[in-house]
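These features come from TrEMBL:
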- 22-41: transmembrane segment (TRANSMEM)
- 70-91: transmembrane segment (TRANSMEM)
- 112-139: transmembrane segment (TRANSMEM)
- 167-187: transmembrane segment (TRANSMEM)
- 208-228: transmembrane segment (TRANSMEM)
- 248-266: transmembrane segment (TRANSMEM)
- 297-316: transmembrane segment (TRANSMEM)
- 320-425: domain 'FAD-binding FR-type' (DOMAIN)
- 541-565: transmembrane segment (TRANSMEM)
- 585-605: transmembrane segment (TRANSMEM)
Amino acid sequence: MDTAAVGGFPPRNGRNGLVLKALQLLAAAVFAGWLMIWIVMPTNTYRNGWSLRIRAETDSTYFGRQGTNILINTFPILFISVLGCLYLHLVKRSGTSQSSVHRLTAWKRSVAVNWPLGIVSGVELTFCLMFLVLLIWFYSTFLVANFSQLHQTDDGVKLWQARLDMAAVWLGIVGDLCCAFLFFPVARGSSLLPLLGLTSESSIRYHVWLGHITMAVFSAHGVCYIVYWAVTDQIDMMVKWDNTGTAYVAGEIALLAGLAMWAMTLPRIRRKMFELFFYTHQLYIVFLFFYLMHVGISHFCMILPGVYLFMVDRYLRFLQSKTKVRLVSARLLPSESIELNFAKSPGLAFEPLSVVFINVPGVSSLQWHPFTVSSSSNLEPERLSVIIKKEGSWTQKLYRTLSSPVPQDRLEVSVEGPYGPVSKNFLRYDSLILVSGGSGITPFISIIRELIHQRTTLNRPTPAVLLVCAFKTAADLTMLDLLLPVSGNISDLSGLELRIEAFVTREESSTDEAQTNIRTIWFKPLPSDVPIAPVLGPNGWLWLAAIVSSSFVAFLLLIGVLQRYYIYPIDHNTNQIYSYAARSVLNLLFICICIMAAASAAVLWNKKGNLKEARQIQNIDAPTPTTSPSSWFYNADRELESVPQESLVKATKVHFGGRPPLKKMLLEFDGSNVGVMASGPGGLRHEVAVICSSGLADNLHFQSISFSW
């Protein structure tokens, strides 16, 4: 029986396929067991039976009570992460990433397009409802099981007050459950996301949803306790920090840090004052540290897997960001867009729709901004390109720097990534309809360049492509020039079935501005500037598995020695003598040391190979072009200068003074298996999603593309 692999990979036969299948089943079984622990945790069966037996078996002199939570809460997810790394390495080594039509394709269609959550697929809606059901089950089961046992109270506390206290406690546990998932979507380099067929860019929305739920639950947890302390004349508990109990002050600090981050995520603030949102979000460090101080390391192990993988990913990103990369050229468009072209290692392979994070110290030494990669690692093995539209203050300053009359010999840049999908899902369709608005064309440039490679270099069949792009002004049409790479290494486009319908919505005809030449700047990097390379080398997934597993084993050894020979002689596993805060800080210190040591060793080992490869990559200088291909759209008599440019001109039709008739174009598109991708303003993506989910065309498979520019 053929089985589609996790993440949309095709079925495989033979020994490799059996290994992949075994890894999938093992990972699924371990995750099911981990999730089952959360499901049964509020029941009396678990708390009065299973939990006591597990603790009795795992409460050793080396790990104490913390060992139990490490075993049932932390270890399973880290084990799945390592399995995922092995799985992805085998998939990459097999050399086949083209996916077959997944059995859940129908579930991936948009089923809700008018929700506050945005465009939601059937899979997303199903899992959202399942997670909400889990939260409701988790909380209600505990209340039902425990409220019935509260018949009388001591110390003058009324029954409703005791119930309020208990309800507040378990609101905190519900918050722990949310936090257990909160950091998975933001661990960009983790194996968990690609194992599920997700990308870090598309998963941010899940982090946002979880963040809202987490802060709502923790806020209710804090308010309930303030009310409880007020009505029981214990308001002084707000300034209490027990040596071996709950540190209420730490919890309040964590809550305040979380509320500050939560407030800055409001769409109006985040969009108009991104810098404020960005800097405020760094309070996650404060939030996590005082969260740890509030509950202690033993309890913190419940959410440690996500935090641990995030720390590994964050430190690897930090190491990569310390390298200054080689910026080869920049193309300045009349539409006030910029294409930056970096040198990259031929060993760095990425798929279309990937994202890189860029820091330009000359603009801001602290800010990192994500941009969708517009190049194809197959078509341009030594180049990586991104397109940046002048919009916010950061991009405006960058554009002014590059467009200055004083020529720039070099621009210092650091890069994190790229991060993206691990398969070319768009190749599974017979036809592709790409709908973009403005700079939303950026992710489709990488797709079209990859299709050019598949067709012209590998001579493989490719989907027929209809690119529908809407621009405000004729000057924005120069974005179409970027469909061809600056390297100019394409000999023929005639084999690619490509049709471009470009719509200029705010002008009735072409203007002189639209024919302005593209300006290309060629830089002279320093010898110390290196091509963008994979931080963990060509076998990155294996190295990541080694980092996660070795650092965690080292952490277990260190805390085992600490517990057995330092804490146990003092505390004797009573948890009533040795300070919770001191124990938590020591554990945190060991986690940081182990991750830093393992990751640094792996990066340094691979850096030797990257530097050797960098010496073999030479800068390619070329003269600045004197003409812009976009001007050909308005001058049919102009002599065409190359075959690819001629093919691109013939494939393009420009319409002025109106919006694209999307419904007519989509519903009349011929094909039994048509992929529809939309990128750009939310209104455009919403319109396309409504058409595709209307049921009028069952052959249309819609995907909303997240892009960064």
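Glycine residues also receive a Cβ, built from the backbone N, Cα and C atoms like all the rest.
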Same-chain residues near the transmembrane segment (585-605), Cβ under 8 Å, at least 6 residues beyond its ends: 66, 289, 292, 297, 308, 311-312, 315-316, 319-320, 535-537, 543, 546-547, 550-552, 554-555, 558-559, 562
Positions on the same chain near the transmembrane segment (22-41), where near means CB under 8 A and six or more residues out: 5-6, 47, 50, 72-73, 76-77, 79-80, 83-84, 86-87, 90, 134, 137-138, 173, 177, 180, 195
Secondary structure content of the domain 'FAD-binding FR-type' (320-425), with strand meaning DSSP E or B: 14 helix, 39 strand, 53 coil
Cβ contacts under 8 Å made by the transmembrane segment (208-228) with residues that lie 6+ beyond its boundaries: 117, 128, 135, 161, 164-165, 167-168, 171-172, 174-175, 178-179, 181-182, 185, 234, 237-238, 248, 251-252, 255, 258-259, 261-262, 265
Beyond the flanks of the transmembrane segment (248-266) by 6 or more, those residues with Cβ under 8 Å of it: 208, 211-212, 214-215, 218-219, 222, 225, 237-241, 276-277, 280-281, 283-284, 286-291, 293-295
